[in-house]
């Protein structure tokens, strides 16, 4: 790669101050404008049909957008027809403004206003390119000639609006602002402001697009701050930002630009747009949400938004897309899973009102995600905490600490051999099939206890019928034993009559559900010849569950 042919294509403001950098965070939501139906649509391999655009428009309304760019009606019959459909079928709410794009050319501007006939509220966005490269290479015009194009466009826009019924607001963009000398961009914008004569009731939007991203975000913020300080009639002007993502910094451009004085953001859902895309409004809004600032947009059901978006655009939301992707809250790492599980348990235990869970910047439920399926995910990298969390939430079992470790290794080994993630259902199936109520080699068919003494005590005799498979044959036997407690008497009987050498080294139990009809689950760990393993028993009766747990452990070790 030859880096020497490149040079920095941006321009620093004449007097950068960096006052914006003293601000800690964005304290209030900007005005949001979705450009999905124009900027986003023109970047699709297969542009949306009329019906798909209407579906998307309704989605944007549901999210809460009050300004929606709907197209370039003078340049495309499809976009003209879409705008007319919105107007004629009364699909635009009274509190929503549609935005249309036009070049600073008289015949295009007049056609644009024809398309707006009957529209209650509209923003007409006029632009012309002002960058050094475009002036020199594309238009081959001087600075004064480029400024004249902007001024003529503004005059034509103002006159056309006066001759057309409707409530129109105006927007001007020095396109390719990111490659324009900042003092020259200011000169052009101020000339346009003089023509439009904005008022407090009808403010002018000055849009400063990062048409192609060229600089670090703090440079763009300094450019925005300079414009904000030096624009004429600033109190009646809204500064809008339109960042693209060529250097991967569109979010940072927008956030620092807002700190620097911007009032408005143009962007798209999931950052769809030309080349590397526009700024992702969902990420911007949810970043504010995570700081306790109301973004004034509703992204409480991201999965549903993803479904509509993918259906109408034929695009896919990247699995790691901030806040939106299917894997953004997923924890496969064992240490992460353990920290998340403990953090969520701590929140529940202490009834905390503010969110602060390790590895989760926001509560996944805020965007319609589910802890059990979207947060704790199990593969060969997972740990005991995450696997135990899955079993607890999906199956109601609380694995004892020693069993968590054994079961996690067992599950991870299966995932590793299969080279895949395991679903909660698959984990529960492993637990049920390989640990619970096992009777493949040894089966206790029935049992009967009696106290050794006539008076009640903890010493019991037991008589039990077993089915024991050994050397390809099964034998049914009646055996007896005694011990200090029911489980001990069963263990002694099995040791003596089956020549099994083992010790019970850990035991715990709990109810699967609350109430008298709940099942009991027992965990029994045994050790035999230096090998340790757990078995699990589940039954309506706690004694039976404990016996099944012991037998399950024996079946796993013999």
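From the backbone N, Cα and C atoms, a Cβ is placed for every residue, glycine too.
Per Swiss-Prot, these features apply:
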{"type": "DOMAIN", "residues": "30-303", "note": "domain 'Pyruvate carboxyltransferase'"}
{"type": "BINDING", "residues": "39, 242, 244, 278", "note": "Mg(2+) binding site"}
{"type": "REGION", "residues": "438-558", "note": "region 'Regulatory domain'"}
(message) Looking only at the region 'Regulatory domain' (438-558), how are its residues distributed among DSSP helix, strand and coil?
(response) 29 helix, 61 strand, 31 coil
(message) Averaged over the region 'Regulatory domain' (438-558), what pLDDT does the predicted model reach?
(response) 86
(message) For a quick check of packing: other C-beta atoms within 10 Å of the C-beta of residue 278 (Mg(2+) binding site), how many?
(response) 30
(request) Other than 39, 242, 244, 278, which residues of the same chain sit close to Mg(2+)? List them in sequence order, counting a residue when its Cβ is within 8 Å of the Cβ centroid of the site. (result) 35, 209, 210, 211, 243, 250, 266, 267, 268, 273, 274, 277, 279
(message) A 10 Å Cβ contact count, applied to the binding-site residues 242, 244: which residue has the minimum?
(response) 244
(message) With every protein chain in view, what's the tally of Cβ atoms within 10 Å of the Cβ of residue 39 (Mg(2+) binding site), excluding that atom itself?
(response) 24
